[in-house]
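To start, the structure under review is shown below, and the notes come after it.
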Amino acid sequence: MAVWGPGGRLGLRGCLGARKLLCPRFQSRGPQGVEDGDRPQPSSKTPKVPKIYTKTGDKGFSSTFTGERRSKDDQVFEAVGTTDELSSAIGFAMELIAEKGHPFVEELQKIQCSLQDVGSALATPRSSAREAHLKHATFEAGPILELEQWIDKYSRQLPPLTAFILPSGGKSSSALHFCRAVCRRAERRVVPLVQTGETDANVVKFLNRLSDYLFTLARYTAMKEGNPEKIYKKNDLSDRT
């Protein structure tokens, strides 16, 4: 997961966030029918576009916000990478949800922004953080409280849960259930970092609450779309005889 440092410095590679337009892959290709060979050649005055690849991680190591070099399978990068995966899963779910015209797309986009803040906190291990880094290592409680408000809002409109439900309820609902499962894995990756004091405890609280939100929203989405939820039924082995 990429986290941009002050002044646009790339701290970790992966997602470009707000700076993605600097990457040629995300820029407009210009008028249709114009081939690359027909484009005007850049002059010496054309500003250089920074490359997406740095080659600094080719040996299996990457840098934290604090400048510390760690193996890419370090607990920090496991946690950062899983929260990035979660944000990507939410982005996919948002595309399905937007097609149905659901109004809570903005909530999910806000959550993606909060996950960028989570990544920033995770990528700033407190054991190597200096005073200037501490603002990146803190995750405020505001997003947690907001999730609780959203959960309560949707829960009041849902029928009571009387049985275990399976991930189901249509494409949008199933995508949100998948996001919930990824969120639980992200939480498991973060717990060791909190237990060792490397990361703000609010990060785990946020992910824990987020999984509850995603579960509730999946149920709410199925209800609004009129799709039935599949109920868990224990397999009866006696039926096979």
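Just so it is clear, glycine is given a Cβ too, placed from its N, Cα and C backbone atoms.
As recorded in Swiss-Prot:
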{"type": "TRANSIT", "residues": "1-26", "note": "transit peptide"}
{"type": "REGION", "residues": "27-69", "note": "region 'Disordered'"}
{"type": "BINDING", "residues": "54-63, LYS72, 184-188, ASN208", "note": "ATP binding site"}
{"type": "MOD_RES", "residues": "SER128", "note": "phosphoserine"}
{"type": "MOD_RES", "residues": "LYS205", "note": "N6-succinyllysine"}
{"type": "MOD_RES", "residues": "LYS224", "note": "N6-succinyllysine"}
{"type": "MOD_RES", "residues": "LYS224", "note": "N6-acetyllysine"}
Spacing of the two Cα atoms, ARG185 (ATP binding site) and SER128 (phosphoserine), in whole angstrom, works out to 25
Counting every protein chain shown, other Cβ atoms within 10 Å of the Cβ of SER128 (phosphoserine) number 14
Fewest C-beta neighbours within 10 angstroms among the binding-site residues GLY57, GLY60 belongs to GLY60
Taking DSSP three-state, what's SER63 (ATP binding site) in: helix, strand or coil? strand
Set of same-chain residues at least 6 away whose C-beta sits under 8 angstroms from LYS205 (N6-succinyllysine): ALA141, ILE144
Entry from the binding-site residues list THR54, SER63 having the most other CB atoms no farther than 10 A: SER63
Students should find that the Cβ of ARG185 (ATP binding site) has, within 10 Å, a number of other Cβ atoms equal to 16
The residue listed as 'phosphoserine' and GLY60 (ATP binding site), Cα-Cα, nearest whole angstrom: 20
When each of the recorded positions ARG188, LYS224 is scored by other CB atoms within 10 A, the minimum falls on ARG188
Local backbone state of LYS224 (N6-succinyllysine), from DSSP in three classes: helix
Here the Cα-Cα span from SER63 (ATP binding site) to SER128 (phosphoserine), rounded to a whole number of angstrom, reaches 12
Name the one residue among THR54, GLY57, ARG188 whose Cα is closest in three-dimensional space to that of SER128 (phosphoserine); these are the binding-site residues. GLY57
Reported as an integer number of Å, what is the Cα distance between ARG188 (ATP binding site) and LYS224 (N6-succinyllysine)? 31
